[in-house]
Amino acid sequence: MMNIILIGARGAGKSKVSRSLSKQSEIPVVSTDSVAVYETGGIPIPKFVENNGWKAFRELEYSILQKLQNANGIILDCGGGILFDLDESGNEVLSERKLDLLRKIGRIVYLERGIEELVEKVKGDKTRPDLSKITTYRSILEKRLPVYQEAAHFKLNLTKLSKEEAAEKILDWIGIKSKSI
């Protein structure tokens, strides 16, 4: 069975859509962020990044994707930075190695929202690591959004869709019948 991979910016709705997809298809969800917390012995991601830096976190994501490359029949809910690594200067760059693994793992679905909508959604969310130390979230989005678009096999704009409608569209695209109808 094919794996479904959800990518998109922080606050796009990947976790909500992945849960709805799972409910409709009975395919289990694996979250790269949840696996990262598990792999670090329960350390929340913001704390891990604070202690070890973003580069170490991006390495951890890569090792998680390596472990998942033979997965079969999962919905992979990816953290917002999954497509990126840091260069020598600490700038975000496309991670060819992670994108290659994601393409091996399954079909990549980009869940899209507008920049303003995303900025509003994540303002003051204490459960997420602070991105402002790198640069403003808006400028991060301006760099990341074209990369998500380029990486995806399928793009879905969530602005006017409920999570259930989004899940139905993804299942239709993949050719899996929804179990909740």
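We number each residue from 1, going along the chain as drawn.
Placement of Cβ uses the backbone N, Cα and C atoms for every residue, glycine included.
Swiss-Prot lists Gly11, Ala12, Gly13, Lys14, Ser15, Lys16, Arg128 with the feature ATP binding site. For Gly13 (ATP binding site), the count of additional Cβ atoms within 10 Å of its Cβ stands at 22 [all protein chains shown].
Per Swiss-Prot, the feature Mg(2+) binding site maps to Ser15; the stated evidence is sequence analysis. Its Cβ placed at the centre, Ser15 (ATP binding site) has 15 other Cβ atoms within 10 Å.
If you look up Swiss-Prot, you'll see Asp33, Arg58, Gly80, Arg144 marked as substrate binding site, on the strength of sequence analysis. Around Gly80 (substrate binding site), taking its Cβ as the centre, 24 other Cβ atoms fall within 10 Å, counting all chains.
Comment: substrate site residues Asp33, Arg58, Gly80, Arg144; largest CA to CA distance 18 Å, whole number. Between the C-alpha atoms of Ser15 (ATP binding site) and Arg58 (substrate binding site), the distance comes to 19 Å.
For Gly11 (ATP binding site), the binding-site residues whose C-alpha atoms fall inside a 10 Å radius of its own C-alpha are Gly80, out of Asp33, Arg58, Gly80, Arg144. For the binding-site residues Asp33, Arg58, Gly80, Arg144, a Cα-Cα cutoff of 10 angstroms around Ala12 (ATP binding site) retains Gly80.
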